[in-house]
């Protein structure tokens, strides 16, 4: 019977279940009043009617901490455990019909001041239990007192309410902890997403710089090939002219060895004409000094470097008018912009202005210099 009685003790009020007994989804039982007290402590801001909670909410089972979710009927929507109620009735009937067991004398604590007197009343003024002698002759004779039984029930109710409040506070703390953990997970996920977007924008910026580098390199390479082809063509012309001059020189040496005067004079006239033509290079182009220079392809990225170093996230407190003015000024100066989600990337164009022409001659229009 003792073991059965222990199974019929409410975990909130620590007394035998009082009707009606409600069964929670986790199969644990509570007095409806105790369940209502725990519910109110866990949901202090929900509306009440006649001191009872009537709207839906949630609380945790005091035995297993399982979360109990209620509908709009509150604890009155929980199912009654008729089996437990019947067992309680049977237990009470058996207890009343059986012979009363010899009561064990409860040991009553003795007064510290009056050692022969038992503590049997409660000093309301000082909030301590005392004996009758303390009230009649002792330090509490002017104090207000009350029977121990009445104070016992009051304090037991206060303790039960305090336990329910602690249970509710623990539930709220657990809810806050769950919210904080969820916030940490959301921060990590949002951070990963934003870093991915930032990297994508920087990759796009890298591709723009690579394209501009390739474009400018091709421009330099194009002029290089044009100049080299022109110089090589001119080299071939001078080589052909030199070869022809060597042949005429050989003919002149052979003519000098001719002993016959008439034959010598006959061959001299056309040979002198050829020597005169070979000595002249007026028909050949000459390259102006500095034609091989490529210094006009100069670049200066100070402005662009400064713009890249100023890359940062967009500040929310900037006015749209200021952003429009900055965009207009950037367009006038030939600046471009790239936008990073949550941040701004601004850089000037890397395309250099047209370099000043430093040559007076070009492959298509070489300078002709008359020979001396």
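Heads up, residue numbers simply count up from 1 along the chain you see.
In case you wondered, yes, glycine gets a Cβ from its N, Cα and C as well.
Here TrEMBL gives coiled coil for one range in the set 170-226, 227-283: that range is 170-226. Long-range neighbours of the domain 'B box-type' (106-148) within the same chain, counting only residues 6 or more positions beyond its ends whose Cβ lies under 8 Å from a Cβ of the stretch, are absent.
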